[in-house]
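Undergrad: Sharing the feature lines straight out of Swiss-Prot:
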type	residues	note
SIGNAL	1-17	signal peptide
DOMAIN	18-59	domain 'LRRNT'
REPEAT	60-81	repeat 'LRR 1'
CARBOHYD	N75	N-linked glycosylation site
REPEAT	86-107	repeat 'LRR 2'
CARBOHYD	N91	N-linked glycosylation site
REPEAT	110-131	repeat 'LRR 3'
REPEAT	133-154	repeat 'LRR 4'
REPEAT	159-180	repeat 'LRR 5'
REPEAT	183-203	repeat 'LRR 6'
REPEAT	204-225	repeat 'LRR 7'
REPEAT	228-250	repeat 'LRR 8'
REPEAT	253-275	repeat 'LRR 9'
REPEAT	278-299	repeat 'LRR 10'
Amino acid sequence: MAPSWLFLLFIPGMVGSSRSCFPGCQCIVDNFGLFHSFSLTKVDCSGVGPHVVPVSIPLDTSYLDLSANGIKRINESVLSGPGYTTLINLNLSHNQIVRISFSTFSKLRYLESLDLSHNLLETLPDGSFLYSRLTELDLSSNKLLEVGIGAFTLKSQGRSMTINLGNNNIRSIHRGAERPVPNIHSLTLSGNDLLSVPDLHGIPLRHLDLDRNPLAKIEKESFLGLEGLTHLSLSDLPNLREVSPYSFKTLPSLLDLDLSSNPQLKSLSSDMFFGLDSLQELNLAYSGVAALPKDIMLNLPSMKSITWGENIRCSKTVKESPFHAQKGRVREEVLLCHDDYGAVPAQDVL
């Protein structure tokens with residue numbers, strides 16, 4: 001039922017009107033249907049103050065904004081009652097929430113998007129969001145030191161999630177065998193304190209962002225069990241000095257690899273790219289790599305473009321030689337490179 005509401009939110013011709021609301025809040029009603037027979041309400045209570053909770057909301061509320069209110073505690077009793085059972089989107093960002101429990105969001109059975117960014121959360125209990133139907137979860141800019149994968153397990157595992165854990169203080173990500181592996185599609189871990197690539201084995205990730213962590217080395221089996229990964233960002237790692245050979249060999253589906261802005265990374269071996277048969281985009285801009293391996297293309301059969309140096313962009317193209325009486329026309333793959341000033345000979349790059 002909830003997904004059909006989301007679809008209706010974008011139907012052309014819907015009519016919005018205001019209605020009576022909790023003091024300090026604004027309630028906007030969106031009407032749907034030929035005779036406006038169906039409606040959903042968006043409630044904006046941002047910046048009202050900590051006294052706003054618990055807030056009474058209309059029965060047909062789909063969106064509730066409680067951001068920037070200085071809220072310190074949030075629990076099940078605050079997020080229950082008439083109106084809360086239909087919530088699809090809840091914004092609790094820019095508050096002072098220190099903790100949540102496994103029951104805090106247990107009554108929000110149709111919740112799909114939850115923003116808890118810019119709070120003071122230090123821990124996440126296992127099953128924190130178990131009874132929701134989350135597809136988007138923002139936990140960025142909190143005070144998290146370690147995170148258990150079990151926190152993101154949902155009772156209904158059919159829908160994939162996008163999770164943002166960026167800009168915390170995360171040093172480790174641990175997992176237990178007691179819960180099913182969560183269905184996480186995209187995971188952002190940028191701006192944390194990770195010293196090594198966390199064990200994410202078996203999670204059906206397609207996007208992984210590890211930018212701005214103190215990683216010094218990418219080990220050989222760092223990405224084991226992530227065969228479905230298509231986009232990997234390892235940019236702006238100030239301590240990264242080494243990427244081991246065969247580090248990415250377990251990523252046959254990877255399309256995009258970002259290793260830009262890593263000034264301590266001075267060289268790369270061709271074996272580092274072994275197994276990247278699907279890779280199309282490689283970003284090495286503003287890294288410390290002086291030149292690319294001459295046989296780099298042997299391990300990158302699907303490569304379309306490489307960005308390198310201070311803005312050198314190389315694209316792979318097929319060059320056809322003039323017709324030869326015995327050989328006919330010979331076709332070969334070559335790199336064509338250029339920067340902001342014009343063409344750059346490929347031999348200066350390789």
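Any Cβ shown, glycine's included, is placed from N, Cα and C.
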Undergrad: Averaged across the repeat 'LRR 5' (159-180), what pLDDT does the model get? Just tell me the whole number, please.
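TA: A mean pLDDT of 90 is what the model gives the repeat 'LRR 5' (159-180).
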Undergrad: So, three-state DSSP: helix, strand or coil for N75 (N-linked glycosylation site)?
TA: coil
Undergrad: Determine, to the nearest whole angstrom, how far the Cα atom of N75 (N-linked glycosylation site) is from the Cα atom of N91 (N-linked glycosylation site).
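TA: Pair distance, Cα basis, whole Å: 15 Å.
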Undergrad: What does DSSP give as the helix, strand and coil breakdown of the repeat 'LRR 10' (278-299)?
TA: 4 helix, 5 strand, 13 coil
Undergrad: Looking only at residues six or more beyond either end of the repeat 'LRR 8' (228-250), which have a C-beta under 8 A from one in the stretch?
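TA: Counting only partners 6 or more residues beyond its ends, the repeat 'LRR 8' (228-250) has Cβ contacts under 8 Å with 190, 204-222, 256-266, 268-269, 271-276, 283.
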Undergrad: Mind checking which residues of the chain, 6+ beyond the ends of the domain 'LRRNT' (18-59), have their Cβ under 8 Å from one of its Cβ atoms?
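TA: Counting only partners 6 or more residues beyond its ends, the domain 'LRRNT' (18-59) has Cβ contacts under 8 Å with 5, 8-9, 11, 65-72, 74, 77-78, 81-84, 86, 91.
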Undergrad: Restricting to the same chain and to residues at least six past its boundaries, which positions have a Cβ under 8 Å from a Cβ of the repeat 'LRR 5' (159-180)?
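TA: Distal contacts: 117, 126-127, 133-150, 152-153, 186-195, 198-200, 204, 209.
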Undergrad: What are the sequence-distant neighbours of N91 (N-linked glycosylation site), meaning same chain, six or more residues apart, C-beta distance under 8 angstroms?
TA: S46, Y63, L64, D65, L66, S67, D115
Undergrad: Where DSSP helix means H, G or I and strand means E or B, what are the helix, strand and coil counts for the domain 'LRRNT' (18-59)?
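TA: Within the domain 'LRRNT' (18-59) the tally stands at 3 helix, 16 strand, 23 coil.
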Undergrad: Please list the DSSP helix, strand and coil residue counts for the repeat 'LRR 7' (204-225).
TA: 0 helix, 5 strand, 17 coil
